[in-house]
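Some features that Swiss-Prot has for this protein:
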type	residues	note
BINDING	ARG26, GLN27, ALA28, GLY29, ARG30, ASP76, TYR153, SER208, HIS323	substrate binding site
SITE	ASP76	site 'Transition state stabilizer'
Amino acid sequence: MGQDLPLLLSAALGKKVNRPPVWMMRQAGRYMKIYRDLRERYPSFRERSENPELSYEISMQPFHAFKPDGVILFSDILTPLPGMGINFEIIESKGPIIEDPIRNLNQIENLKELNPSESLSFVGQVLSSLKKDVNNEATVLGFVGAPWTLAAYVVEGKSSKNYSLIKSMAFKEPGLLHKLLDHFAKSIGEYLKYQIKSGAQVVQIFDSWAGQLSPEDYDIFAGPYQKKVVDIVKAEHPETPVILYISGSAGVIERMAKTGIDIISLDWTVDIEEACKRIPSGIGIQGNVDPGILFGNKESIKERIDNTFNKTKDRKYILNLGHGILPGTPEENAQTFFEHGKKLTY
């Protein structure tokens, strides 16, 4: 049975593998010409991510180009929001805009319970097609946004530099925010279960903005709700590996390890050797490579990959970037990342 599992899934489960698996956050996207050409034909991000044929095609673009060990669903962390009654749009140069930001009790009480098979059936379609067509040549990954990050978007109404609106709610009306976070935790847990049933073999939780919290506030507003999502998933799918990623996580790594996840995805602001000492040995590590290195020459990319890998010693490790690959990254440098990553050996 172990031989039939794809490499990334085997590694995530802690099985013995010959090399670390490699994939990239945002591996399908703007740095690829084939994606930019498709975007010209379909300028709406929501159409690209919610039309199952387009989402499937985009998800597969990097698989055809680079053969990564993971194929991640092309979607967005905000995709489940309309199913809860929160509408949004993604403007190309500005990012997400929430049409009616959530800022009072009445709005929170009127949120719908998410029914993924009803409002997100296109996601299920894409994942089941990926699982069938990738055929265990790679691991199919699903993903969600964590409650704190979703709340940050819906309260602020858009991306924010200082998060003053959600922090104002956190410190003036914490009960209100906890109600919103709890709603999101239940809905996101259900959404992840739906992704797994549809074909996702490994799932990643993005709490992109939890790094904006002090460790003390992380313990109040982020960690408990990450754990609630994980608990909901693990109750039904105890064997499915769960990865947690936070941007700017250096101050909360130990706390991340207490949420029940299997793998911590590191950004590049922490030394991976130090992180290995701070994270319990049973928990795997992913990422840590600065995406900016992919603007360098091939030798510097290879050297950084080698240095990062060598510091992980005998840890369960998945080669990835410390953030999504950046727009404008030369495609041949992404190719180097994947090719060199596959040459690593234990």
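Including glycine, each Cβ sits where the backbone N, Cα and C put it.
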Task: Just report the maximum Cα pair distance in Å for the recorded substrate binders ARG26, GLN27, ALA28, GLY29, ARG30, ASP76, TYR153, SER208, HIS323, no decimals.
output: 23
Query: Where TYR153 (substrate binding site) and ASP76 (site 'Transition state stabilizer') are concerned, what is their Cα separation in Å, rounded?
result: 13
- line: Top of the binding-site residues ARG26, ARG30, HIS323 by count of other CB atoms within 10 A is HIS323
Query: Rounded to an integer, what is the Cα-Cα distance in Å between ALA28 (substrate binding site) and ASP76 (site 'Transition state stabilizer')?
result: 12
Query: For ASP76 (site 'Transition state stabilizer'), which residues in the same chain are close in space, meaning a Cβ under 8 Å from its Cβ, but six or more apart along the sequence?
result: PHE45, SER49, ILE90, PRO96
Query: Taking the Cβ of ALA28 (substrate binding site) as centre, how many other Cβ atoms lie within 10 Å?
result: 25
Query: What three-state class does DSSP give ALA28 (substrate binding site)?
result: coil
- request: Could you tally the C-beta atoms, other than its own, that fall within 10 angstroms of the C-beta of TYR153 (substrate binding site)?
  value: 26
